[in-house]
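Over in Swiss-Prot, the protein carries these features:
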{"type": "ACT_SITE", "residues": "His146", "note": "active site, proton donor/acceptor"}
{"type": "ACT_SITE", "residues": "Lys150", "note": "active site, proton donor"}
{"type": "BINDING", "residues": "Gly8, Ala9, Leu10, Gly11, Arg12, Met13, Gly89, Thr90, Thr91, Ser114, Ser115, Asn116, Phe117", "note": "NAD(+) binding site"}
{"type": "BINDING", "residues": "Arg36", "note": "NADP(+) binding site"}
{"type": "BINDING", "residues": "His147, Gly156, Thr157", "note": "(S)-2,3,4,5-tetrahydrodipicolinate binding site"}
Amino acid sequence: MVKVVVSGALGRMGTNIGRIVDEAPDMELVGGIDVREGTLFKTEVVPAAKIDAFLNEKKPDVLIDFTVAGAAVENIKAAARNGVALIVGTTGFSPEQRETIAAAVEGNVPAVISSNFSVGVNIFWKLVREAARELGDYDVEVTEAHHRYKKDAPSGTAKTILEILDQELGSREKAYGRVGETERKDEIGVHVIRGGDIVGDHSVLFAGNFECIEVSHRAYDRAVFAQGAVRAARWVVGREPRIYGMQDVLGL
């Protein structure tokens, strides 16, 4: 039985994850962390200020974190102090925050950290990598769309796309939304859309002189991210104490 605490328990993702864990026969939802007190499927949710005492009391196997960057760093450090494995789906970390996370995790606890836990998105990333290897002389444009409340832009998933393209194509200049007179350079265009309740759309256009190839992924429900995070939570227990990605979970 895998015991789970959800951080960001009262948010959209936290509620989805809590539901899946609560219904899973091989898992136990033992509580949640958020900015305020509450309940998550009849389990206690405490403020983040009480996280150390809460983890010590509940003794979970895994903490699943979907919060914001600043809060997530503190949650990760607390989990590492208490020997709790981590699933981190929070995005928007600065380079300095990433270094802090690595220092807290490495050698202490296993952690799966990913900008997107959807199985489909991880396959999408693999396809983008393969396309970039074969189409290095094509122009490349990245577009992402999310709901009006998403705080970071570009999305973490889009940033991962750009990292993959940089690895395969070299570090091209990024053109973030074009306006006025433009001239095509050795660059990658990046376009961000925010509106409505869009769960998450990502596409990469490879444009050649005589053809275009577009690789895209569209999420219809946040449950797809929650399901992937819970799958990772099952996988991470008992692993060596270091940072993993969702592609490790999937064996890609």
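The backbone N, Cα and C atoms fix where each Cβ goes, glycine too.
Shown here: features listed in Swiss-Prot, placed on the structure.
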residue	record	Cβ neighbours (10 Å)
Gly8	NAD(+) binding site	25
Leu10	NAD(+) binding site	18
Arg12	NAD(+) binding site	15
Gly89	NAD(+) binding site	25
Thr91	NAD(+) binding site	23
Ser115	NAD(+) binding site	22
Phe117	NAD(+) binding site	27
His146	active site, proton donor/acceptor	25
Lys150	active site, proton donor	16
Thr157	(S)-2,3,4,5-tetrahydrodipicolinate binding site	22
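By the criterion of other Cβ atoms within 10 Å of the residue's own Cβ, the least surrounded of the binding-site residues Arg36, His147 is Arg36. Sequence-distant neighbours of Gly156 ((S)-2,3,4,5-tetrahydrodipicolinate binding site) (same chain, six or more apart, CB under 8 Å from its CB) are Thr91, Gly92, Ser115, Asn116, listed in sequence order. Note: the CA-CA distance between Gly8 (NAD(+) binding site) and the residue listed as 'NADP(+) binding site' rounds to 10 Å. Residue pair Lys150 (active site, proton donor) / Arg12 (NAD(+) binding site) shows a Cα separation of 12 Å. The binding-site residues close to Arg36 (NADP(+) binding site), defined as a CA atom within 10 A of its CA, are Leu10 out of Leu10, Arg12, Gly89. Farthest C-alpha pair in the NAD(+)-binding residues Gly8, Ala9, Leu10, Gly11, Arg12, Met13, Gly89, Thr90, Thr91, Ser114, Ser115, Asn116, Phe117: 21 Å apart. According to its DSSP assignment, the residue listed as 'active site, proton donor/acceptor' is in a strand.
Rounded to the nearest whole angstrom, the C-alpha distance between Leu10 (NAD(+) binding site) and His146 (active site, proton donor/acceptor) is 20.
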